Every structure is written in structure tokens, then in C-alpha cells.
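Peer 1: So that we are looking at the same thing, I have put the structure below in C-alpha cells.
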Amino acid sequence: MIKFITLQNLMDYQVTLKLMEDYVNKVINYNEPEIVYLVEHSEVYTAGTNYKQEELLNYGDIPVIYTGRGGKFTFHGPGQRVIYPILNLALPNRHKDLKLYIKMLEEWIINSLNYFGIKGYLIKDKVGIWIKVSKGEFAKIAAIGVRVRKWITYHGVAINISTDLCKFNGIIPCGLESSLVTSLNQLGIYVEMFEFDKIIQTEFNKIFK
């Protein structure tokens, strides 16, 4: 079973990024076991490799970090569970297929949300997990941005639990001007982070065996 490591307190993004990159190197060079980091970041905007500078609107005093993950701008902060699976897609029980890996991440998060009575949706040409908030209108509850090096995965998924959604006003989230964001709290689901973590670990082990 893959080990989950919960990093306590609010984590600086760059500190966490170095932690991830160092562990990826250990997996590549020393065959270290797969792990999953569970993180809650201090406030930060991060940009993926497909970002456009005009999508950064008004970041104020929140730091902006340009990363190597896929995707565009997003926000990380308190009340958001960020999950960084470091998996080896070259193992015999895995597949060297990035699209399949992302599909498995999507299935994992949708199944986890379903536990709380929330139906998650996938929208064509829009990465992430979406919630139907009104007729024909969807809001994003989880962002996905990954990177792979020598078939070792890092970066991952960010799920809004009790996130201050106003912070997303400083960017065009994921480059989608008309997109809304939501959280478990906004949907009327109030859950402690450790309780949410139990569910995502259970659902993870059903998909990533």
C-alpha cells in the first residue's frame, strides 16, 4: 500500500516543490517507494507551463510562482487540500500513459466527492473536476496539474474544502474567463481536513493498486 504523508502546518510552496523534486530524484536514482504528500499551502498563485501573463489580474501581496507543471494559473491557500502523488508509471502494475494517469486522478477525485453526496463532472477541453451549480452552469472544485520525469509523477491535485474563493479573483483560473470556482463549504458540506483525508486515501487505494 502506498504511504500517505501529511505535511503539518501551512507549507511554503517553494519548500514543498523542492521536497517533491528531491523525492522524485530518490525514486529515479535509488528506487525509493511511491508516496503521496498531503499539503495545505500558505497563500500563493502558481502558473503552469501554458500560462498567459494577462491571466494574472490582481495578485496584491500574494506571491506568484512559475512552475513546471501542466496547466495555467491557480491559487493555493488555507482550506485547500493539495495532493502530490509521486508514482512510478514504469512499474509493471502501471502504464506509461500520462492521459490514462490523469483519467485515473479524475476518477479518484470524483469517487471521493461522491462519498459526500457531491456529483463531480468532467467537461470536454477543461481539465479538472466540476460541480453543476445551476442549469447549464458549472463551477470548478478541483484543479489538476501534473508533471512526469522518467515516468515518475509529481505535482497533482488541489481540492477546495474551505478555501477563500475570493482569492481566485486575482487570476483567470486555468485560463477560463467565465469559469466559476466552488468548495465543499460553499456547497454546504463542512468536513475537517483529516476526515476528508481518510476518504481520499480509501478511494485512492481502490484505483492505484
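The backbone N, Cα and C atoms fix where each Cβ goes, and this holds for glycine too.
Grabbed the feature section from Swiss-Prot, which reads as follows:
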- Cys174: active site, acyl-thioester intermediate (ACT_SITE)
- Arg69, Gly70, Gly71, Lys72, Phe73, Thr74, Phe75, His76, Ala143, Ile144, Gly145, Gly156, Val157, Ala158: substrate binding site (BINDING)
- 30-209: domain 'BPL/LPL catalytic' (DOMAIN)
- Lys140: site 'Lowers pKa of active site Cys' (SITE)
Peer 1: Going along the chain, which residues six or more apart from Val157 (substrate binding site) have their CB under 8 A from its CB?
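Peer 2: The list for Val157 (substrate binding site) reads Val82, Ile83, Leu105, Ile109, Ala142, Ala143, Ile144, given in order along the sequence.
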Peer 1: What whole-number Å value do you get for the CA-CA distance of Gly71 (substrate binding site) and Lys140 (site 'Lowers pKa of active site Cys')?
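Peer 2: Their Cα atoms are separated by 14 Å.
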